[in-house]
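Worksheet for the structure shown next.
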Amino acid sequence: MEDKYIGLALAMSSSLAIGTSFIITKKGLMDASARTGGTDGVQASDYLQNPIWWGGMITMAIGEIANFAAYTFAPAILVTPLGALSVIIGAVLAAIFLKERLGTLGKMGCAICLMGSVIIILHAPPDKEVQTVDEILGYATQPGFMFYCTVVTLYSLFMIYKIVPKYGNTNPMIYLSICSSVGSISVMSIKAFGIALKLTLGGNNQFTHVSTYLFLIVVALCIVTQMNYFNKALDQFDTSIVNPLYYVTFTTFTLAASFILFKGFNTSSAVDIISLLIGFLIIFSGVYLLNISRSESPMVDRDREIFGVHTSKDMAPLDNGVGGFSTVRRSMQINRTSEYDNEESVGLRRFDSFEIDSGDEDTRNYRH
């Protein structure tokens, strides 16, 4: 069997495990929060003692190991987009176990994601032949990729120390942008270390090369950072928001990193390149439909898109990396529009509790 199809099977298995792990982890965090009364947040001692949370972590570890192996056998341009399958699995399981809504648009989104995945599978090129891990180090030390790594490092440090403490609990993209940008470097390092293992098992020992250990250190640092901020996002925001956004941002950053590292997608066929781009757009569209279909209402979606406000748990992030849950929604401040005036006249209410602040003396509070 060709390496490409081995990687494909591993990637699909990985998506199944990771999609399931999102739900198990969320259930564990919810259970830990319930045990603490749901008001003071989830401390590390709470969720680390929760067997459900550990079940989610173990399932995710299995999925990540399969994903690790998939990058060894197949190119990132094939493996990464197939993460859409984990979004589909997460959506279906969230509807069943977390009682999150999956309507007609959600089902259409799932079907569209599958269609885009098939297109990518059919047109993904094979990986470049690599004889030693030092060859990948040579790619990684080229100016283009070094510049990319520098930008990611500076951006992540700025977000972690300046933005997260103040605004981390207001928008999931703050956490997920860190996860995704750092994750793109981890994928390249995982691929390098995986190839080193593959070559070593084939009789060409790569553990005599310093670069093998260098890639391993980068993998460890990046994964710790990813998991920390992914846990924060998952704890404070709905899975229907976190999963799709994480997929889109992680895929985009990873494909950009792969393109820069290997100076292209290892294909000269215009048909393949165009088909791959179309496949990505189709998957992104499906993920978007899946996201909006599981929101509370069209009005909430509109306000979220306009003002960048998402439903979050009413608790700032804690130092241990996992914030708390609350039964009270965060009130959203939005500018008054004539549409709300019309809705007021017929007695409609779109939110359980929110404030409308026009910024002048005509400030009103709406309560359900």
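Glycine is treated like the rest: Cβ placed from N, Cα and C.
Residues or ranges marked as topological domain 'Extracellular' in Swiss-Prot (evidence: a curator's inference): 1-4 (among others). Across all of the topological domain 'Extracellular' (1-4), the predicted model scores a mean pLDDT of 76.
Sequence-distant contacts of the transmembrane segment (5-25) (same chain, six or more residues past either end, CB-CB distance under 8 Å): 52-53, 55-57, 59-60, 62-64, 66-67, 69-75, 78-79, 82-90, 93-94, 97-98, 121, 231, 234, 239, 242-243. Sequence annotations record features per position, and here Swiss-Prot assigns transmembrane segment to 5-25 (among others) based on sequence analysis.
What Swiss-Prot lists as topological domain 'Cytoplasmic' is 26-50 (among others), and the listing cites a curator's inference.
Positions annotated as transmembrane segment by Swiss-Prot, on the basis of sequence analysis: 51-71 (among others).
Sequence annotations record features per position, and here Swiss-Prot assigns topological domain 'Extracellular' to 72-76 (among others) based on a curator's inference. For the topological domain 'Extracellular' (72-76), the list of distant contacts is 3-4, 6-8, 10-11, 124-127, 187-188, 191, 194-195, 197-198, 254-255, 257-258, 265-266: same-chain residues at least six beyond its ends, Cβ to Cβ under 8 Å.
The transmembrane segment annotation in Swiss-Prot covers 77-97 (among others). Distant neighbours of the transmembrane segment (77-97): 4, 7-8, 11-12, 14-16, 18-20, 22-23, 26-27, 63, 67, 70-71, 106, 109-110, 113-114, 116-117, 120-121, 124-125, 187, 239-240, 243-244, 247, 250-251, 254-255, 258, 265, 276, 279-280, 283, 286-287, 290, 294; these residues of the same chain sit at least 6 beyond its ends, with a Cβ under 8 Å from one of its Cβ atoms.
What Swiss-Prot records for 98-101 (among others) is topological domain 'Cytoplasmic'.
The transmembrane segment annotation in Swiss-Prot covers 102-122 (among others) and rests on sequence analysis. Within its own chain, the transmembrane segment (102-122) is flanked in space by residues 8, 77-78, 81-82, 84-85, 87-88, 91-92, 94-95, 275-276, 278-294, which lie at least six positions past its ends and keep a Cβ under 8 Å from the stretch.
When the topological domain 'Extracellular' (123-143) is classified with DSSP, helix, strand and coil residues number 10 helix, 0 strand, 11 coil. Taken from Swiss-Prot, the feature topological domain 'Extracellular' applies to 123-143 (among others).
Sequence annotations record features per position, and here Swiss-Prot assigns transmembrane segment to 144-164 (among others) based on sequence analysis.
Positions annotated as topological domain 'Cytoplasmic' by Swiss-Prot: 165-175 (among others).
The transmembrane segment annotation in Swiss-Prot covers 176-196 (among others) and is backed by sequence analysis.
Counting only same-chain residues 6+ beyond the ends of the topological domain 'Extracellular' (197-206), those with a CB under 8 A from a CB of the stretch are 72-73, 130-133, 212. For 197-206 (among others), the entry in Swiss-Prot reads topological domain 'Extracellular'.
Within the chain, the transmembrane segment (207-227) has long-range Cβ neighbours (under 8 A, six or more residues past its boundaries) at 64, 132-134, 136-137, 156, 178-179, 182-183, 185-186, 189-190, 192-193, 196, 200. What Swiss-Prot records for 207-227 (among others) is transmembrane segment, and it gives sequence analysis as the kind of evidence.
Residue counts for the topological domain 'Cytoplasmic' (228-240) under DSSP, split into helix (H, G, I), strand (E, B) and coil, are 11 helix, 1 strand, 1 coil. Per Swiss-Prot, the feature topological domain 'Cytoplasmic' maps to 228-240 (among others); the stated evidence is a curator's inference.
The feature transmembrane segment is assigned by Swiss-Prot to 241-261 (among others), with sequence analysis given as support.
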Considering the transmembrane segment (241-261), which listed stretch of 51-71, 144-164, 176-196, 270-290 counts the most C-beta pairs under 8 Å: 176-196
Region pair the transmembrane segment (51-71) / the transmembrane segment (270-290), three or more CB pairs under 8 Å: no
